[in-house]
Structure formats: structure tokens, C-alpha cells
There are 2 protein chains.
Amino acid sequence: MALEVGQSSAIEKCLDQESVVQFASLAEDYNPVHLDAKFAASTPFERPIVHGMLASSLISGLLASELPGSGTIYLGQTLKFVCPIYVGETITAKVTVKHIREDKPIATLATQVFNQDGKLAVDGEATVRYIVG
Amino acid sequence: MALEVGQSSAIEKCLDQESVVQFASLAEDYNPVHLDAKFAASTPFERPIVHGMLASSLISGLLASELPGSGTIYLGQTLKFVCPIYVGETITAKVTVKHIREDKPIATLATQVFNQDGKLAVDGEATVRYIVG
């Protein structure tokens, strides 16, 4: 099926403590607001929050696996971290085709990550080159 | 020391096969261009490449650990994936203060990731709220 404006795909995932610890090591990001409950209690967040880039990484997976899918090449991404996601929440990442270029197989997709309560936590836009199937 | 325009910080890290496999699982991004040498050989990249979001994740670590450092809250990030990074490369991520708001402790930083040959691979900009120390 050809790519069409309005198509969307979503994935749910629980971002548990183990995921956060693994990501901290990969990103060399040991910000205690993610890893130390006592420290987090002293911040406006009150409890440990997930790394914004960890939550956003699910967008990469969706683009490559689902929409546009296999063969997708990631060209760009914008991210706004709108509200915190707490460790242990099951989040939903969603991508929606917004625009398809007429001259090249390049598409822009709205990319959104929602927290467990359905509130928008990360808002942004991806640009990808896709395989015309 | 107060935050000043022009300040910069950098980190080097080898993104090996193990990092890529771990990130694939966290991001649910099993794009074979990252994981399957035979498949990668059939693409324009010829060899497995690192997930763009994995390389970019080092920016998150730099912002939180080094500049602006502890207490930093990530507000936004733009990313352009300019050239591939191959699995096994030692990359350098760098952040440089570009602008500091006068009304609020909010700064924008240029964020760059260079491949092993010093070529710009990921270009972008971060927006953060920082702790005035």
C-alpha cells in the first residue's frame, strides 16, 4: 500500500526501572532525577522520571518497523518535552503521516508520546526517506 | 561559574555491537540495517550503522552531567541525521552554549555528534532549563 497522509501507527511500552538503568548506561546520562528516588523527591517531579530521549526512542522503532516501515532512513526529528513520564508508566508512541513530498520519497510525520493517562508528554515531527513499495 | 555563551563540553564513546543490540531492545527498533550485516551489505550503507537516536542520546547525558550540568531539565531537541555512524565507531558528542535568555534560566545549545573521522553526523539544537548556581 502506498504511503498516504493521515495514516498512523502506535506502540505501547512500559518504561520500567530496568529500562531506565540500561538507557542511563547507554547515554552516559546518570542524572539522579531518573535514578535516585530520594533525589527525585527533592525536585518538582517528586518521583523518578524517564529520560526524555528514552521515551522518544520508541518513535525510531515505529518509523523503522511500522510506518513507513522496512527500509526507512531517518533524516531528522524535532522533540518538545512537554510533561514528565514517571518510571514504570506504560506509554504510547504514535506517528501520523503529515506530508509527502511530490518530488522525492520523503515524508514528514507527527510524532507524539503520551503518558499513562493519555496526556501528551513528547511532541514533535520526524522527517524520513521511505521505500516506495 | 555562571553559564556563558560559547562554553562547550564533549564526550567520546565507542558505540559497539552490544550497545546497538541493547538500544534496539529499548527502542523496539529492530531495523536490520543496524543488526544484520548481510542485510546492511545490500543497502547504500554497506555495513551496519548505529541508530541515530542512540548516538543522539549522548547529548542528553552531556547536558545533564556536564553543561549546564546537575539539575538541567530538557525542554526540547532538534536532530538532523547528516551522515551514517558505523557500528564500532568511537564518536564524539559536543554541546556549545548558543543563547541564554535574559528573562528566564533557559538556554539553547548547539548539539553535534561527530563520527570517528571527525565528520558531522548529527546536527541539532537543545533547549534546556538550568539551575542558576
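Cβ coordinates are placed from backbone N, Cα and C, and glycine is handled just like the others.
Bear in mind that the values here come from a model prediction, so they are computed numbers and not experimental data.
Here TrEMBL flags A:14-103 as domain 'MaoC-like'.
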Exercise. Where DSSP helix means H, G or I and strand means E or B, what are the helix, strand and coil counts for the domain 'MaoC-like' (A:14-103)?
Worked result: 34 helix, 23 strand, 33 coil
Exercise. Across the domain 'MaoC-like' (A:14-103), what is the average pLDDT of the model, as a whole number?
Worked result: 95
